[in-house]
Amino acid sequence: MEVTCLLLLVLLPFHCRGQGVYAPAQAQIVHAGQACVVKEDNISERVYTIREGDILVLQCLVTGHPRPQVRWTKTAGSASDKFQETSVFNETLRIERIARTQGGRYYCKAENGVGVPAIKSIRVDVQYLDEPVLTVHQTVSDVRGNFYQEKTVFLRCTVNSNPPARFIWKRGSDTLSHSQDNGVDIYEPLYTQGETKVLKLKNLRPQDYASYTCQVSVRNVCGIPDKAITFRLTNTTAPPALKLSVNETLVVNPGENVTVQCLLTGGDPLPQLQWSHGPGPLPLGALAQGGTLSIPSVQACDSGYYNCTATNNVGNPAKKTVNLLVRSMKNATFQITPDVIKESENIQLGQDLKLSCHVDAVPQEKVTYQWFKNGKPARMSKRLLVTRNDPELPAVTSSLELIDLHFSDYGTYLCVASFPGAPVPDLSVEVNISSETVPPTISVPKGRAVVTVREGSPAELQCEVRGKPRPPVLWSRVDKEAALLPSGLPLEETPDGKLRLERVSRDMSGTYRCQTARYNGFNVRPREAQVQLNVQFPPEVEPSSQDVRQALGRPVLLRCSLLRGSPQRIASAVWRFKGQLLPPPPAVSVPAEAPDHSELRLDAVTRDSSGSYECSVSNDVGSAACLFQVSAKAYSPEFYFDTPNPTRSHKLSKNYSYVLQWTQREPDAVDPVLNYRLSVRQLNQHNAVVKAIPVRRVEKGQLLEYILTDLRVPHSYEVRLMPYTTFGAGDVASRIIHYTEPINSPNLSDNTCHFEDEKICGYTQDLTDNFDWTRQNALTQNPKRSPNTGPPTDITGTPEGYYMFIETSRPRELGDRARLVSPLYNASAKFYCVSFFYHMYGKHIGSLNLLVRSRNKGALDTHAWSLSGNKGNVWQQAHVPINPGGPFQIIFEGVRGSGYLGDIAIDDVTLKKGECPRKQMDPNKEPWPVSLLSPFAVVVMPGSGAPRRPCPQLWGPMAIFILALQR
């Protein structure tokens with residue numbers, strides 16, 4: 001018959017402490033990631049050094065009540081765009097694969113509404129070392145009147161790193177130094193900030209032709225290895241040289257296939273060739289293969305500069321550029337310029353007149369213009385002149401000037417632009433000159449000066465242009481400096497004078513300017529007008545949602561206010577309760593003189609009047625609603641997270657208790673709290689233990705306390721707490737409580753260390769031993785571990801329970817030692833007893849030693865207990881008396897035996913003041929057979945030889961009798 005221990009949750013008597021515990025936030029930044037250099041301790045707030053590509057984890061530890069909210073921000077350097085735009089609201093900041101640009105100062109801001117926020121900062125220094133770049137430069141100088149020449153070579157090594165790199169120069173395998181050789185000079189150029197070192201070879205000698213290596217190092221900081229680059233210097237070393245197969249300016253027709261070759265004419269080592277295009281990348285379909293660039297079916301958009309660059313790290317890169325021009329023409333425009341000298345804006349007989357014609361072309365200077373009058377070529381005369389490149393007009397513009405305008409000069413003039421001999425279509429523009437040709441005027445149609453539309457609808461702004469010819473209309477914003485139009489442009493052209501806007505938004509409201517263009521019409525001062533655009537949008541109200549609490553029988557006033565809207569007024573306000581329409585005033589009040597809010601008054605809060613209220617406000621464009629949740633229910637409790645040492649473990653059973661503390665949020669806002677309902681549930685379990693806790697009068701800031709016991713190590717629990725008043729249940733608060741291993745100290749010497757927490761009760765690995773102890777449980781142990789050695793579980797037999805053990809497989813050797821060192825204890829008693837469980841199973845078991853390190857005069861280690869050899873696949877307990885006589889530490893030393901089947905484990909270490917039990921089992925004798933124990937005393941896990949600790953409350957007289965008989 002199998003019997004299991006039932007977990008009982010014991011709720012100890014309730015306590016109240018009449019003290020205000022509300023406290024402002026305090027913060028502290030802790031490194032929790034892959035820090036490689038921390039100058040001080042783990043809570044240093046100075047510089048946190050991390051390797052590029054590692055994981056950055058910063059944790060902001062906060063105290064204060066209520067629990068502070070944490071926000072992370074950053075300055076100096078740049079993080080990801082997402083991180084800069086939105087702060088991280090979390091106690092832990094985690095950045096995967098941190099980049100060098102993400103270094104800088106990080107700020108943790110904690111605030112809880114009490115006092116001023118707490119702000120702490122830490123500087124993150126990202127370490128990196130790029131691949132070095134080595135370039136070679138050489139100079140030749142004449143000496144003694146050209147009798148001979150001196151050749152000097154400079155080898156320049158550059159690297160990006162943090163911290164600054166250390167440079168080592170080598171010739172072959174020999175390290176070079178500044179004073180080693182008269183022909184060698186090593187120096188750092190000015191303004192390079194430690195990123196460059198130059199090796200200068202003066203008056204080059206035959207032995208200087210060799211392989212040179214530049215090795216860079218950051219002295220293994222963050223484990224970053226050294227990097228190096230090698231260059232072989234020969235008597236043929238030379239910088240690259242290039243030539244092109246075409247002219248530097250290449251003019252082609254659209255649709256042609258273009259091939260440009262970049263030919264190497266020198267360079268050792270063999271240079272690498274690369275093509276690039278400016279601006280932008282190479283055209284789609286372009287193929288760069290070695291020094292050959294091919295562009296099939298070239299188009300006008302492919303025009304630009306194409307660069308061929310050759311590099312071999314000797315001298316400066318060689319570069320050749322081809323300016324590719326694809327013939328094209330677009331945007332034919334004309335201008336009518338009246339007599340400038342007489343400052344006229346009209347065409348008048350007897351005055352001069354200039355007609356100008358321009359096209360945007362590639363190449364611009366190759367465009368030719370031809371003028372026609374009434375379909376016939378215009379003939380040059382003393383009164384009719386054709387000029388080119390007028391300084392007052394855009395480049396390559398053709399102008400036809402009519403001197404002393406006569407009636408016979410009236411007619412239709414045609415300007416034709418062309419590329420002679422090229423398959424590019426001509427462009428032409430026509431201008432009619434007559435007595436009816438007049439400069440433009442512009443105005444806004446009647447009733448269109450102000451345009452009002454609703455947000456999300458289309459809008460059309462219109463200006464009318466009169467005159468002959470009628471030029472295009474240019475639109476821009478007036479009331480917002482440097483503001484762009486909805487199209488994203490500062491200026492937008494419309495041929496018909498109408499600016500069409502799709503789906504207008506409220507930020508488009510404002511004044512718009514329309515003005516005549518100075519092209520395709522008269523070249524005179526622009527005429528302009530203005531149009532006002534008003535965008536109406538639904539109201540925005542506050543509060544959008546509000547939780548209203550009040551004691552039963554007390555009145556409540558609900559107010560819904562208009563924040564903004566267009567129009568800025570309330571046209572109607574409707575109140576509803578639980579979806580049902582409420583009657584009009586007196587419940588609804590919208591004063592005519594101040595229609596910017598609506599109010600509803602409840603004479604008394606009752607159970608029937610509690611619920612959801614909605615105020616729907618309209619301004620004839622749309623509506624918005626204020627939501628109110630009215631009730632007399634109590635606010636949620638506020639858990640207190642700053643309880644000192646809330647976890648208490650028990651040495652006789654692997655259980656722990658937890659001190660749960662809280663305050664009641666705004667207890668005076670509603671009726672007094674009568675009791676709390678507490679629910680405790682182990683995570684990953686469905687059943688919960690529920691308990692009602694009666695209370696007396698609860699005051700604001702009063703710290704309430706409850707102790708939960710018989711919680712199982714190392715499990716976590718969900719705790720839910722709900723207040724009850726005469727109204728009924730209030731808001732629930734929940735939190736997760738975790739088991740935290742207590743750290744043994746002289747004041748806590750009776751605690752037992754179960755090794756369930758990663759801090760392992762303050763124990764540390766000795767730095768002078770050969771290897772380390774390992775913390776694991778049945779769930780984390782290696783499935784390929786050595787069989788027939790080591791424990792399957794901890795002393796409790798549960799798979800979640802942790803223990804410490806030594807792994808004796810390779811590369812461990814005979815006699816290797818692993819030491820686990822306790823914290824330092826200040827001796828306050830003459831005698832102490834060290835109790836612990838050990839597991840020594842395997843045919844190659846070595847030794848387990850307990851040492852005491854006395855700190856009276858230096859550090860002196862003495863053996864207090866030792867055990868060797870295979871003791872079976874069971875956990876056994878030892879009690880070791882010690883007499884330290886001063887500050888001391890205890891050390892568990894595991895010694896590797898003759899083979900890999902020698903894993904040793906320990907668990908449940910207790911340090912207790914006083915002497916050890918007088919009667920204790922000899923560890924070298926066999927343990928109690930499990931078969932002799934009552935099933936009520938020990939539960940054996942199926943498939944394991946490790947007994948669970950007995951449940952004392954289930955022991956019967958039979959179990960006690962058997963134990964006495966065994967002794």
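Using the three backbone atoms N, Cα and C, a Cβ is placed for every residue, glycine included.
Annotation source TrEMBL lists signal peptide at 1-18. Taken from TrEMBL, the feature domain 'Ig-like' applies to 24-123, 132-230, 240-323, 338-432, 440-532, 539-631. TrEMBL lists 643-743 with the feature domain 'Fibronectin type-III'. The domain 'MAM' annotation in TrEMBL covers 751-918.
Against the domain 'Ig-like' (539-631), the recorded stretches 338-432, 440-532, 751-918 differ in Cβ pairs under 8 Å, and the greatest number is found for 440-532. Confidence annotation: the domain 'Ig-like' (24-123) carries a mean pLDDT of 78 in the model. Using DSSP to sort the residues of the domain 'Ig-like' (338-432) gives these counts of helix, strand and coil: 6 helix, 42 strand, 47 coil. Taken residue by residue, the domain 'Ig-like' (440-532) breaks down under DSSP into 3 helix, 44 strand, 46 coil. Helix, strand and coil content of the domain 'Ig-like' (132-230), in residues and according to DSSP, is 6 helix, 53 strand, 40 coil.
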